[in-house]
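TrEMBL has this to say about the protein:
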TRANSMEM  39-59  transmembrane segment
DOMAIN    40-230  domain 'Cation efflux protein transmembrane'
TRANSMEM  65-85  transmembrane segment
TRANSMEM  106-125  transmembrane segment
TRANSMEM  140-161  transmembrane segment
TRANSMEM  173-195  transmembrane segment
TRANSMEM  201-219  transmembrane segment
DOMAIN    236-309  domain 'Cation efflux protein cytoplasmic'
Amino acid sequence: MPAAPAVLGSSFFYQAPNEVDPVSHEHVHMPPETKDKRVAIAIWANGILTLAQVGGGIFAGSLALIADALHNFSDMAALVIAFAARKIARRPADSKMTFGYGRIEVVAALINYTTLIIIGLYLVYEGGMRIIDPPQIKGWWVVWLGGIALAVDALTALLTYSMQKGSVNIRALFLHNLSDALASVAVIIGGILILLYDLRWVDPAITIGIAGYILYLGLTEIGGTIRTLMLGSPVDIDTDAVILALSNIEGVIDLHHVHFWQMGEHDASLDAHVVIEKSAWDQLESTKYRIKQALEQEFNISHSTLEFEHPDHIHKDAHTYGHG
């Protein structure tokens, strides 16, 4: 027998239980301890590299080397944030955080992308100043430290590559590392040009190029993170198609007050009021099952909360989306 309907104000509805699969939907199956070790190694590598590049950049007079160091420092900070976020995200839900702590990784990604944008703007300014008055630069220092940086950047990129497909936070780290590696290649080329032709303007020009790439990465990726935090609908789900498919299920008359959102990068969710035909009211459980089955099999939405309404007690003038 279906559960008895309840009355809330003038709305006659049935509150379907929230059926959430406790199994993680992360795409990459790797033990959390292994991921944590990889992140820890990357933190140490970037920390040591940053100190070496800052010291070498000051000694060599190379802003490009310092720019690469600042980018590496942002990597280290991003890795520390990611490491902490991964630890926090594994905490179970409690009375204060009833949704759990999984979204902390999205917050960490927002911090990382914001840091990228700030660093990019700063380097554009510094590079512009140095193009006006290029300083003397020790080319060999630039080449050697750029080579060491490239090796470390390649290592950290490899460590995070296999993890980034299942986490927006780790993807932010991978993009940090990838842009660092490309920046190190540019620094090495710049050092060689300075050695061969004394083209001192190349160093600040490369700095501005690195900054432009940093800004591109930050600005193109930050939008999706903000969308998730703003409870935007998943970009890969056609919301109108979902509503149409559910409306065509036997026993369903209409849907309204529909909300699509994401807890994390791969956790699409739906809340909705569903108006059921009078003749189907005594078959509520089977109707609910068909709706949830369609959501999961056709649209990969495994988390849904449904309020079933009797056609004699529906919300008047209700909007399809939102609370209006």
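Backbone N, Cα and C define each Cβ position, glycine as well.
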TODO: Pull the DSSP breakdown for the domain 'Cation efflux protein cytoplasmic' (236-309) and write it out as helix, strand, coil residue counts.
DONE: 31 helix, 27 strand, 16 coil
Task: Contact between the transmembrane segment (39-59) and the transmembrane segment (140-161) (at least 3 Cβ pairs under 8 Å, separation 6+) - done: yes
